[in-house]
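Marked as pyridoxal 5'-phosphate binding site by TrEMBL: A:96, A:97, A:124, A:125, A:126, A:127, A:164, A:193, A:196, A:218, A:248, A:274. Look at TrEMBL and you will find A:219 tagged as N6-(pyridoxal phosphate)lysine.
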């Protein structure tokens, strides 16, 4: 594979015009859209209007006029199309962490005889931390088992199973339908964290029988830094859900200003306080950009980018060990490579304008976001990395210094 | 009081130049800054930079370079100066509702013998709803008593007392120091909701002996629609707090990616998921605008505006009944007037470019935000209202129609 061949792939890419919809900085190769999605160009004007006209000129009137009040449902319905859910099954609210907490507290309350919440050791930390807090509040345990032992650990006294569909580090993907079916045999509800799969891999929550899910707005959905998250509940499970967190925006009549709480019908009850409108409106631009592209084409391109990346890495950077499954059905849209010096190597890459990220203790993680990642990006990234390895540029002392955020 | 006299008051107002820092629409009289603060002009450029450069060009690097990661603490320290707290005692996170939940779950866990959470009937609904959910989760009751009965209802078996310092509707203000002292006699912790007092009235949490508080970013702090909220815990109470909600951003080492949760030192543990950065940066502009003004001058002007408003209302709109206490020490910075037809009257006012708000069932609420409310604003607002009442303009059928948000 040569640079010219990579360029030829870009020229033939049916998604290539979507890249123009993103404001990618010249000279930078961005392979970290799985951590913070790139800026959709449309968001610049949308945010300017939101700040200057909606907030500045129309002020409080925008709650009705600009339908700020309906944004969580409106954007939720759009995300539903990305994840294979129906209108009214997804709502945008708070953070992924807080949405997990809502679901866990509601589900543990439904199963008072249960003794533990089940999850995976090495799951994304916030999932585990939230589950530990929810378990403590419910007076039950958190049981963490290895990935291989999950299916066998589902038991009658499991309050809920919390799994991340695509692992943030390894990129390994669970078989959602199989695990959901296995859990249903014991009536154990499963919460799927879709943070690394929404917008990354084909999702059909309805077909998989998934009943509960959460996900992140700022990764593949390109919603901006710290964008609000989403939560999904299958329609038939919504009415019974009573999260411990219940606030006025989730009340059936918030502007009646009454003491008694009555959960709003459907997903409305998953709202708590007033949503951060500016961040919400940025998220909507990202979701719109995702919906404009064909889902099958995105996944096909993700696979081609992955195969090209892993092929070039094996050829030109053989010191790295691929930790992501090669079977496309068993992984997400990022590729992770282990190397004992992954931290300074990643710093050297960033210095050379190739942005991936490091995940402790030894992983270089490269995100493939087919909306805007080009084949040339991948070719150049490996070329730069091969140069860094050959010249040992990464040994510069400054690259050993740790930053606040990795 | 004539219009000329009102203008003369503006000309002599030491705070008058602060109004230029806000993008108020020409022709509109805005008396709803207690619901959504006006746009600080500085926020336009800040938000453009946040979107186009920090997100668009610098991408993930901005977490370190632009110190997105430190924003909750940095803005919290600024808000601390508004509320009379010390550095490290305030952090910006989530919504007011969720912050109340964090405090209530942590405090009820500390008092396992307690039988109830205590609050005021008619408190802002989200406070009551959150308290009901936290009580249910802890297996205890929520006890609501009238305002007059609060002090007498504090008992040894009260888990926590949750009060809103300035009432959202009546504007009545509690004596924070007296109630905190009364609660301390029985070791009952008090959580103060400062949503209608932070930036509105002089606050000195330290002097009042207040240990726990929350507050809103989008009202008097001018943080933008749905701006993130803040939470305060006196330094000596921080180490013992373990909210049921615990997420990775509140971990001592979030980027170590470990299963075990260890609360960050100090207020860091009150962070849960990733903060909505765009909304956070807008909030910082609002807080900066507040800090640029002299606190004593703000409160002095608030009182003058209140006296002028209530004087003019008594004179020109005698059908309205003032429900806000006239004693300045016993109220906030808004004035509420009861009238059986407050809904359509408020709609008629909005149509005439005078923006206040309606609070069910019968209150017209007018916010006085001395950073940008002028004496002329108040004079003109009453003049418009007197005209609406004299001509019965409010009886138009379209004004009876209810909107989604009041």
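Yeah, the Cβs are placed from backbone N, Cα and C, and that goes for glycine too.
Across the structure, residue A:96 (pyridoxal 5'-phosphate binding site) and residue A:219 (N6-(pyridoxal phosphate)lysine) are spaced 12 Å apart at their Cα atoms. Across the annotated binding residues for pyridoxal 5'-phosphate (A:96, A:97, A:124, A:125, A:126, A:127, A:164, A:193, A:196, A:218, A:248, A:274), the two most widely spaced Cα atoms sit 30 Å apart. Those recorded positions from A:126, A:164, A:196, A:219 lying by chain B, with Cβ under 8 Å from one of its Cβ atoms, are A:126. Within the same chain, the residues at least 6 positions away from residue A:164 (pyridoxal 5'-phosphate binding site) whose Cβ sits under 8 Å from its Cβ are A:120, A:123, A:124, A:127, A:192, A:193, A:195, A:196, listed in sequence order.
Taking the C-alpha positions, the distance from residue A:248 (pyridoxal 5'-phosphate binding site) to the residue listed as 'N6-(pyridoxal phosphate)lysine' comes to 29 Å. For the pair residue A:126 (pyridoxal 5'-phosphate binding site) and residue A:219 (N6-(pyridoxal phosphate)lysine), the Cα-Cα distance reads 16 Å. The binding-site residues under consideration are A:124, A:248. Their Cβ neighbour counts within 10 Å are lowest for A:124. In the three-state DSSP classification, residue A:96 (pyridoxal 5'-phosphate binding site) falls within a helix. Around the residue listed as 'N6-(pyridoxal phosphate)lysine', the same-chain residues at least 6 positions away in sequence with a Cβ under 8 Å from its Cβ are A:33, A:34, A:35, A:36, A:37, A:195, A:196, A:198, A:199, A:200. A helical conformation is recorded for residue A:126 (pyridoxal 5'-phosphate binding site) in the three-state DSSP classification. In the structure as shown, the Cβ atom of residue A:196 (pyridoxal 5'-phosphate binding site) sits within 10 Å of 28 other Cβ atoms.
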